[in-house]
């Protein structure tokens, strides 16, 4: 099986229609020079085109789904263990915070931290919220919706993160 290996110089953004990785959720995976100067690098090789869809798919952006029966958030947190994650419900919001202290890896020392806040729909049953972390690092936060007119129960509380031994079945966009 042949695997194409691409030098980082060729993996740069080419202007306003090609998003930068600067604000993506690559928690500490490093930045290339084109992340800081995306327009400058496009003048070097004007005929090279980076795949827009590959950039979007690899960006690690969270996915929020809300249908008639349930509300679900998928978030890639592959660099964090359940002990590093805190999930809280504060009134109509869920706050997901991940932090691990400085530790050594192959390239030196690294520490990571992120904070995400999502608005919960008003009809989500907050007493039945759950959160799990799959073996491949996909955090799944979910809660059922109650029929309109019923009390969804809003309060402040922490949601424990359980670990699953199987990879995530989250749909890829």
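Placed from the backbone N, Cα and C atoms, the Cβ positions cover glycine too.
Features as listed in Swiss-Prot:
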- 100, 102: Zn(2+) 1 binding site (BINDING)
- 107: Zn(2+) 2 binding site (BINDING)
- 154: Zn(2+) 3 binding site (BINDING)
- 153-167: compositional bias 'Basic and acidic residues' (COMPBIAS)
- 52-162: domain 'sHSP' (DOMAIN)
- 162: O-linked glycosylation site (CARBOHYD)
- 1: N-acetylmethionine (MOD_RES)
- 6: deamidated glutamine (MOD_RES)
- 45: phosphoserine (MOD_RES)
- 50: deamidated glutamine (MOD_RES)
- 70: N6-acetyllysine (MOD_RES)
- 99: N6-acetyllysine (MOD_RES)
- 101: deamidated asparagine (MOD_RES)
- 122: phosphoserine (MOD_RES)
- 123: deamidated asparagine (MOD_RES)
- 1-63: region 'Required for complex formation with BFSP1 and BFSP2' (REGION)
- 144-173: region 'Disordered' (REGION)
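Where Swiss-Prot records a feature, it is marked here on the structure.
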residue	record	CB count, 10 Å
70	N6-acetyllysine	15
99	N6-acetyllysine	13
100	Zn(2+) 1 binding site	17
101	deamidated asparagine	9
102	Zn(2+) 1 binding site	9
107	Zn(2+) 2 binding site	7
122	phosphoserine	11
123	deamidated asparagine	18
162	O-linked glycosylation site	11
Residue from 100, 102, 107 whose C-alpha is spatially nearest that of residue 123 (deamidated asparagine), among the binding-site residues: 100
Structural state census, the compositional bias 'Basic and acidic residues' (153-167) (DSSP three-state): 0 helix, 6 strand, 9 coil
Three-state secondary structure, residue 100 (Zn(2+) 1 binding site) (per DSSP): strand
Alpha-carbon distance [residue 101 (deamidated asparagine); residue 70 (N6-acetyllysine)] in Å: 34
Cα-nearest neighbour of residue 162 (O-linked glycosylation site) within the listed binding-site residues, 100, 102, 107: 100
